[in-house]
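K.L.:
Pasting the feature list from TrEMBL:
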TRANSMEM  6-26  transmembrane segment
TRANSMEM  33-53  transmembrane segment
TRANSMEM  59-81  transmembrane segment
TRANSMEM  93-112  transmembrane segment
TRANSMEM  118-135  transmembrane segment
TRANSMEM  147-169  transmembrane segment
TRANSMEM  181-206  transmembrane segment
DOMAIN    245-379  domain 'GGDEF'
Amino acid sequence: MDFTTLYIVAFFDSIALCVIWGILALNYREIMAAWHWFLSSALWLLGGLLLASQRQTGLFVGGVSGNALMLAGFLQIYIGVRVFYRCDPGYRFVVPFFLFSVAAMLASFDSWAGRNPVYLATLAVPLFATARFLLQRNQFSPGRLIAAGGLIFGIFAMMGWFVMNVLYITNVYTGLDWYRLIASTSLAGQLFAALVWNFGLIVMAVDRLRGEVAKLANEDALTGLVNRRYVVDRLKSGDLAPSPAGASVLMIDVDHFKRINDAYGHAAGDACLGHIGNILKNCAGPNDVVARIAGDEFALFLPESSRAKAEALARVLIDCLSHNALIWRGERLFLSVSIGLSEWVPNRNGDVMEVLESADEALFKVKRDGRGTYLTGDLPGSASPNVKLINPVREIHQQAV
């Protein structure tokens with residue numbers, strides 16, 4: 001493998017990566033890391049052109065400047081990965097290391113055999129730092145593992161040439177045939193590694209976008225709570241099944257919500273829903289599921305709470321709302337809710353559909369008899385057949401069954 005061919009391959013690879021990351025950065029601006037990875041590819045392109053033109057531009061411009069740009073490109077990979085995981089960019093490491101590395105390149109410039117190990121060592125450090133950072137992430141991600149694997153392979157490819165240069169400097173091996181073979185093989189390995197880790201980064205970006213889409217599909221934009229679709233999916237999968245000790249369901253409806261909209265406008269109504277959603281989230285436990293299932297209707301699933309705990313939580317919710325007014329344009333709006341709850345005990349009181357119907361029936365009775373309080377529904381089978389169920393809840397039942 002001759003270097004001219006490898007430089008041509010590197011040139012077209014860099015252009016392809018510039019195009020890919022440029023398109024991703026322009027079309028998915030929320031992935032800020034894509035801009036760093038685009039800049040990385042652009043720096044590799046410029047650095048590769050300078051390295052390929054050393055005979056015309058001279059060793060100082062072509063060698064030191066080219067490798068400095070390559071190093072800057074590797075550091076942009078490191079910065080981009082940190083930004084992707086919403087960490088600080090790491091400039092406290094990047095800037096001093098870059099300046100130190102350029103100084104080391106200049107210091108070793110006069111030694112033909114000595115400058116190559118310096119170049120390789122400085123280029124390998126950001127690859128190692130990036131791979132280490134990726135492997136320290138806890139969440140499973142195929143893209144993360146692919147990228148880390150590519151980076152580690154790139155380090156090994158560099159180290160082969162590094163060892164050959166050390167052997168040459170120490171006069172252990174002074175032949176040029178193996179030196180050139182190892183050098184070209186190392187460069188080919190680095191090109192392959194770059195494609196692998198960039199593929200891994202692309203997979204990471206795609207997974208992030210898929211996660212954002214899934215979040216939008218299952219999250220209520222106004223309150224930040226999960227929506228009806230999420231509840232239906234969890235019921236279908238059995239994730240909302242009760243614990244052996246039992247579970248409870250609270251159906252919650254905002255009292256006189258239409259009056260708020262009529263008196264203060266829909267913006268105030270939206271603020272009320274957000275205010276109630278925040279209180280529900282703050283009062284719920286870590287394993288509880290809070291959902292907005294319709295306009296002013298919420299549901300609270302307590303997979304590990306008995307009837308007594310659910311009733312205690314209902315009292316806490318009502319008390320929190322009575323003591324935490326919504327401030328709307330300087331005016332204090334005290335809100336109240338009606339709550340119907342039902343206990344779900346495995347092998348005792350039916351399936352989730354019956355439990356939800358029982359909680360919904362209790363909610364209906366509360367709203368009929370005065371609002372602003374809670375009521376525990378009868379066990380399935382003993383409820384009055386004359387009570388009309390609220391449609392949104394029935395829709396959840398029908399979709400989940």
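A Cβ is built for glycine as well, from the same backbone N, Cα and C atoms used for every other residue.
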K.L.:
So, by DSSP, how many helix, strand and coil residues make up the domain 'GGDEF' (245-379)?
P.N.:
61 helix, 36 strand, 38 coil
K.L.:
Go through 59-81, 93-112, 118-135, 147-169, 181-206 and flag the stretch with the largest number of C-beta pairs under 8 Å relative to the transmembrane segment (6-26).
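P.N.:
Answer is 181-206, with the largest number of Cβ pairs below 8 Å.
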K.L.:
If you count every Cβ pair below 8 Å, which range out of 59-81, 118-135, 147-169, 181-206 shares the most with the transmembrane segment (33-53)?
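P.N.:
Ranking 59-81, 118-135, 147-169, 181-206 by Cβ pairs under 8 Å to the transmembrane segment (33-53) puts 59-81 first.
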K.L.:
Restricting to the same chain and to residues at least six past its boundaries, which positions have a Cβ under 8 Å from a Cβ of the transmembrane segment (118-135)?
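P.N.:
Residues 63, 67, 70-71, 74-75, 77-78, 81-82, 85, 93, 97, 101, 104-105, 107-108, 144-145, 147-148, 151-152, 154-155, 158-159, 161-162, 165.
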K.L.:
Short question: which residues 6 or more past the ends of the transmembrane segment (147-169) have a Cβ under 8 Å from it?
P.N.:
81, 113-114, 116-117, 120-121, 123-124, 127-128, 130-131, 134-135, 178-179, 182-183, 185-190, 192-201, 203-204
K.L.:
Apart from its near flanks, which chain residues at least 6 from the ends of the transmembrane segment (59-81) lie with a Cβ under 8 angstroms of it?
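P.N.:
For the transmembrane segment (59-81), the far contacts come to 33-37, 39-44, 46-53, 89-91, 94, 97-98, 101-102, 105-106, 109, 115, 119, 122-123, 126-127, 129-130, 133-134, 147, 197, 201.
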K.L.:
In the same chain, which residue numbers or ranges, 6 or more beyond the ends of the transmembrane segment (93-112), come under 8 angstroms Cβ to Cβ?
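P.N.:
The answer is 59-60, 63-64, 67-68, 71-72, 75, 78-79, 118-119, 122, 125-126, 129.
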